[in-house]
Amino acid sequence: MGRVQDILEKRKLVIDGALGTELERLLPTTSTYLPSGSPLWSGQVLITNPELVEQVHLDYINAGADMIITSTYQTSYASLHKYIGYDMDQAIALWNSALNVAKNAVKKSGRDDVIIAGSIGPYATLLANGSEYNGDYQGVTDEELIEYHTPLFEFYENSDVDIICIETIPSFQELKVIIGLAKKYTSKEFFISINPQTGSALSDGTSLIEVAQLFAEINDPRFVAVGINCTSYENVDQISTYLTDFPLFIYPNLGFVYDTTVHKFVSKALQESTWSKSVAKWLAFPNVKAIGGCCSTTPAEIKQVAQLINQ
């Protein structure tokens, strides 16, 4: 049993919250390195101002997070090469920077029990067209997906992260490829987090019944949990009914609406009690092992999670 599984035998974990939208909230709107202004999202801030990424990690730890997720979600080698011309050595240096700022935040927190999860995002981040919300990968082949994901898998395999986090997967095709790659890199614990945009199907429309059947075939001792992320918190209850056979990590969005005045998606107004009630409900599910947040969650929401888990 790995370190994370050993901890989960004893208690539930608090996962951190949003990175990109939290940086967006903290930075001035006139900043030239706002995540929303770059296809690299929070990776752009990692390049220009890594100390800000470190500060967000630290803010989440201070709010009670037991697990922080590195800022490599949108920094695949393919994306770095396509958008800013990085070669592999430069990509590896940036990934090491992401790992180092996470380690620095843990050190500054004074805690020695914080888990660092190495993030691997979906192929959608290369397309930068919102396909993480519909799983439409424009005819990509399995071989192209393998080529896309392998560099970060290899990096984290040879790093000292505690667990590999493959997250926001919207495509059943990609999910199958990811599982194959994860089995290949078995020296690390891993969890795979899916992105269903409704309560019953993956973003590409695949039934969650079929998704659950695929997860049931993994049979790997390093497979720690199924994750649910980047979907609205309002979908979590129904999604969870399809995944009762697996340990669950839940870290959803607060939910979005399209604001026609600014022509972009903005988070819904959410009362503190609504989030707390949702978290309390999820904690009552016997297979839920960790809870955090994705887009638009802040240290305030993570503090509420920590208070409920630790009460």
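Positions of Cβ are set from backbone N, Cα and C atoms, glycine also.
Owing to the predicted nature of the structure, the values given are computational and were not obtained by experimental measurement.
These features come from TrEMBL:
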type	residues	note
BINDING	CYS230, CYS294, CYS295	Zn(2+) binding site
DOMAIN	1-309	domain 'Hcy-binding'
_Residue among the binding-site residues CYS230, CYS294 whose Cβ has the most other Cβ atoms within 10 Å_ = CYS294
*Within the domain 'Hcy-binding' (1-309) only, compute the mean pLDDT.*
94
*CYS295 (Zn(2+) binding site), number of other Cβ atoms within 10 Å*: 24
*Taking the mean position of the Cβ atoms of CYS230, CYS294, CYS295 as the Zn(2+) site, which residues outside that list, in the same chain, have a Cβ no more than 8 Å away, listed in sequence order?*
ALA18, THR168, ASN229, THR231, TYR251, PRO252, ASN253, GLY293, SER296, THR297
